[in-house]
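Visitor: From TrEMBL, here are the annotated features:
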type: DOMAIN; residues: B:10-522; note: domain 'Cytochrome oxidase subunit I profile'
type: TRANSMEM; residues: B:29-49; note: transmembrane segment
type: TRANSMEM; residues: B:105-129; note: transmembrane segment
type: TRANSMEM; residues: B:154-180; note: transmembrane segment
type: TRANSMEM; residues: B:192-219; note: transmembrane segment
type: TRANSMEM; residues: B:239-263; note: transmembrane segment
type: TRANSMEM; residues: B:275-296; note: transmembrane segment
type: TRANSMEM; residues: B:308-333; note: transmembrane segment
type: TRANSMEM; residues: B:345-366; note: transmembrane segment
type: TRANSMEM; residues: B:420-442; note: transmembrane segment
type: TRANSMEM; residues: B:462-484; note: transmembrane segment
type: TRANSMEM; residues: B:554-572; note: transmembrane segment
type: TRANSMEM; residues: B:578-599; note: transmembrane segment
Amino acid sequence: MKGWMGKTKALLLFTMLTLFLTACGKENLTALAPKGYGAESSMNLIILTTLIMVGVFVVVMIIYVIALVRFRRKKGQEDYIPKQVEGNHTLETVWTIIPIVLVLIMGVPTVIATFDLADTSNASEHLNVEVTGNQYWWHFNYDGEEIVTSQDLYIPTGERVYLNMMSSDVIHSFWVPTISGKMDVNPENVNTMYIEAYEEGVYWGKCAELCGPSHSLMDFKVIAVSPEEFDQWVSDMQAVDPEEEPQDTVAQEGKELFEANNCMACHAIGSSPAAIGPNLTNFGDRTTVAGILEPTKENLVDWIMDPESIKPGNKMTGAYPSISEEEANSIAEYLLQLKPSEITPESAGN
Amino acid sequence: MSNAATQKRALSAVLWDYLTTVDHKKVGILYLIGGGFFFLLGGLEALIIRIQLIKPENDFISAGLYNEMITMHGTTMIFLAATPLLFGLMNYIMPLQIGARDVAFPFLNALGFWLFFSGGILLNCSWFLGGAPDAGWTAYAPLSIQSPGHGTDFYVMGLQLSGAGTLMSGINFLVTIVSMRAPGMTYMRMPLFTWTTFVTSVLTLFAFPALTVGLFLLMFDRMFGSAFFDVALGGNSVIWQHLFWIFGHPEVYILILPAFGVFSEILPTFSKKRLFGYSAMVFATFLIAFLGFMVWAHHMFTVGLGPVANSIFAVATMAIAVPTGIKIFNWLFTMWGGSIVINSAMLWALAFIPSFTIGGMTGVMLGSNVADYQYHDSYFVVAHFHYVIVGGVVFALLAACHYWWPKMFGRILHEGMGKLAFWTFFIGFHLTFFIQHFLGLMGMPRRYWVFLENQGLDTGNLISTIGAFFMTFGTLVFLVNIVYTAIKGEKAPADPWDARTLEWTIASPPAFYNFKQLPLVRGLDPLWIEKTEGNGKMTPAEPLDEIHMPNGSILPLIMTVGFFTASFGFIYQTDHKAWLIAVYAGMALAIGCMVIRSLKDDHGFHISKEELEREAD
Amino acid sequence: MSHDHSLNPKTMPEDPAKATMEGKHKFLGLWFFLGGETVLFACFFGTYLALRNSTAGGPTSQDLFGLDLVFLMTVLLLTSSLTSVYAMYHMKNNDFKKMMLWLGITALLGFGFLALEIYEFAHYISDYGFTFRSSAFGSAFYTLVGFHGGHVVFGLSWLIALMVRNAKRGLNLYNAPKFNTFALYWHFIDVVWVFIFTVVYLMGMVS
């Protein structure tokens, strides 16, 4: 039976190992293949601590298996009474000292990395973005640039971007596993962290603190583009004219409906910092509708018609009069042609 | 016909006996029944969670219901299953291990049980009254403040009741251990399970008041309009997190230390060898408890407490690995050189060592706060604490059940079914939780109602759900085993395992006064000493004389009904002030019982010497 | 016989409160309980310290607190602690009447403290509009001081119940531990007040 146990374990370990090696998860979501400064710092410590701990585990298992095999009672030993050992000072000292040393080996780099990641003294020399967490979407306001976006955060590669984060309602947590570890977004104070992406890419972000029914649907993206592309994006975004009339007639109709239904009470187009609902300036370039759906017109119409069925508990439900499918179609047409910049998620290699 | 009537009467007599009992053994059994019931409930909730996550974008249950499910699963398992099951064991076994006839405050003991049980029932009433709490078992403000309906109110009142019960038991155990040990039972001769009961009780005493305070603040904010967590009026939600974890982290050790105690009894018994490094084990228990109060903020590494606080709590957390390591190695060397017998009780203990070591390892890894920025609130954490709490606590409970079942119920659990339950549960456990470490690092946060397609999370979640079904099967086999044993189980002698401690010197199950004559303890493992150096029987420390026992009482139950009613009043007075009547009526009933209790002299009763002599040994 | 617990100078043990097993248990149990209570109040103090400046534009501690009233309250409560010590002294001397007398004085002082506290709260509410709901500071203040007040109320009820119950029975080994545990509890309430006086009122008036 013990052989069976051993085999099961070996099989289990082997399965896990294959899974681990063949798939570390999705490349723009996983924390196991870091592509940013914070994620790399974390990964270094993950590797260090894992190696030490696996070492300890191996030692424990060797003693365990030997003890079990050698000292299991055999037939005819029923009356055998083993020597009653009280303890062994040398041994006990050894397994007290060694863990202390191991703790030091893990503790020192941890403390160094902690202070490194918490160092925000140079924030003013870099790009600062004000991040607001909302049920269930993210608001990004680029300090001093007069650019406001939501859901998709554009950043230049190879540069530190400081995020000054606060929540408008409950606690959220900002997590882009491939670039950086997470930090909470609190309602009572601003938390600052910096992120730096090494490579261009569209990185998946997640909310990591339970914030209500649609907590699991509060995804966002960090879009890292080259510094030149980023500069281009900034000037494009600054040049947006919110009043610009669309070319297409359906879209024109959509714009009128957008205004007539007072959508602007919550959704700004342009650089207004107001943030009752997501800013829609570059909606046509968004990677998703509502953070989770493919950016197709059908999905957008579904969302406008009945947001509750897509994101339970969202604040848009019931905030406007009911809209016919045709009207929703026009509004979708209008919103999807809002493409103020040549720099899009495709520029980041999406 | 008349036979059925007698049986009926007998049944109601048994029921009345349990409703009024103050006997620590019966209270212990009540705890096991209550805790077992909630364990099954929490397990059902877990299964529903895993079914929801069997495939991407599943719609088995709605988002709101899912949040209720995870909240109730966590709350139920921690407060209503694991804690009471352990307290049940302590209640039953600890007084026997120190050679006492009952606990110090039998009345409070019964009250503690009823409070716990009514708190659990209250909490679960929410399912039928508009929805369960949905802010997570941690109930972080301001989400818990904004949570609509009465779910979170039930959470607050339910935990307040059961928490009060737990606190009472803690004090009771402390006084019992300090002043009711049998002659010769010095502190350093106490079995490890008694030691861990002692240290756990200290932790309970100092940790639960923090929860009490947190719950009061939450209650005042939700029901009476105070502003502790209302940012607009200057409130601060991080206070809740501090209070919750000042309680919450020691709570982890409240659960795991008794588990350590259980294994420190079972491993020596079935290795036929005394516990290796007994004094180091006692010392390590204290050290873990002490450090357990110093590390609460490691649950808050991402809150933004600053690098100094994070560093201190990181290093303190890693330091807990040292005493825990001492324990693991001492268990290994208890087995080393022994004569190891493997049966179902021992299987659980043997499975614990590697499983818990993995949980401990990931604990140290989580302690490194920079790494934790990735692990935090991801499935990695979910995997970690299930390795500790299932691999540690649940394994301990199941081991303890197999080990002490004969003592408690006089019958031995069926070995074959025990082994079947073990293997399915053990395999299911690793299948469910091992993969979750990787899911977390692959970017899956915890408490996610759905995960999206094409995020590389499908296989891992499927494997995890399959594992959950294995665990369910194992649990069902264990239940069948209990029923089978009750009907056809093999009768147990006083000492079926050739064990070492005092509880095995008396009949299975013991007489209601436990020890006819208090035993004289000559050293650690007193029964083993008498077996190897004496005649195999304890020497009495006193002549046979009458025994003083406490009277049973229905007051604890009535008092609890009062508190239960008042809690309902508190919850619903926000809707209509008429509900304040329930508050006043309930409190009047509870306080009335207290007054009766303190004004009516209750001196207990005596069992005469003749009666004791009549009873066969 | 061993079941007869009534005392006279001849059968009087050294310390009647701890002469029986039950007495010892009660005494020890209350000490442990007070350990838990210490954590309870420590958490309330921590909450208060974190929120004492969060007045949200409402009255601040400097606006509210006056030393004379609080000083009087402190004197009453501290003295009541002292009188309960006298009562326990007389219990050990088996002088039931004097014990009851000093317990009575203790109760009166306690009621005096309570009356002043109620007056204080009423004053804040009516003159400053400072309530439990005004601000986080208001919530924290009333909760901390109110919980202490609640402990005083409980202590007084306990004391009155004990005195009424045992007025005709005299001292015995069954009720002596009850008086003794009450006295210990009463001292604890007093100690908590000393901290409230310092942390809430003195610090509140300075900063």
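Don't overthink the numbers, they just go from 1 along the chain as shown.
Each residue, glycine too, has its Cβ placed from N, Cα and C.
Since this is a predicted model, take the numbers as computed values, not measurements.
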Visitor: Against which stretches of its own chain does the transmembrane segment (B:345-366) lie, if we need a Cβ under 8 Å and a gap of at least six residues from its ends?
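Guide: Same-chain residues near the transmembrane segment (B:345-366) but 6 or more away: 259, 262-263, 266-267, 270, 298, 317-318, 320-321, 324-325, 328, 331-332, 372, 375, 380-381, 383-388, 390-392, 395-396, 398-400, 402-403, 418-419, 422, 426, 429-430, 434, 437, 497.
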Visitor: When each of B:29-49, B:154-180, B:192-219, B:239-263, B:275-296 is checked against the transmembrane segment (B:462-484) for Cβ pairs under 8 Å, which one has the most?
Guide: B:29-49
Visitor: Counting only residues 6+ away from its ends, which parts of the chain sit with a Cβ under 8 Å from the transmembrane segment (B:578-599)?
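Guide: Those are 107, 553, 555, 558-572, in sequence order.
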Visitor: Determine whether the transmembrane segment (B:105-129) and the transmembrane segment (B:192-219) share at least three Cβ pairs under 8 Å, counting only pairs 6 or more apart in sequence.
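Guide: The transmembrane segment (B:192-219) and the transmembrane segment (B:105-129): touching, no.
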Visitor: Is the transmembrane segment (B:308-333) packed against any residues at least 6 beyond its ends, judged by a Cβ distance under 8 Å, and which are they?
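Guide: Beyond its ends, the transmembrane segment (B:308-333) has Cβ neighbours at 260, 263-264, 267, 275-277, 280-281, 283-285, 287-288, 291-292, 294-298, 301, 353, 356-357, 360, 363-364, 366-369, 372.
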Visitor: What residues elsewhere in the chain lie close to the transmembrane segment (B:192-219), defined as a C-beta under 8 angstroms and at least 6 residues from its ends?
Guide: 86, 90, 93-94, 97-98, 139, 141, 144-145, 152-153, 156-157, 159-160, 163-164, 166-167, 169-171, 173-174, 177, 226, 228-229, 239-240, 243-244, 246-248, 250-251, 253-254, 257-258, 260-262, 264-265, 275, 278, 281-282, 285-286, 289, 292-293, 570
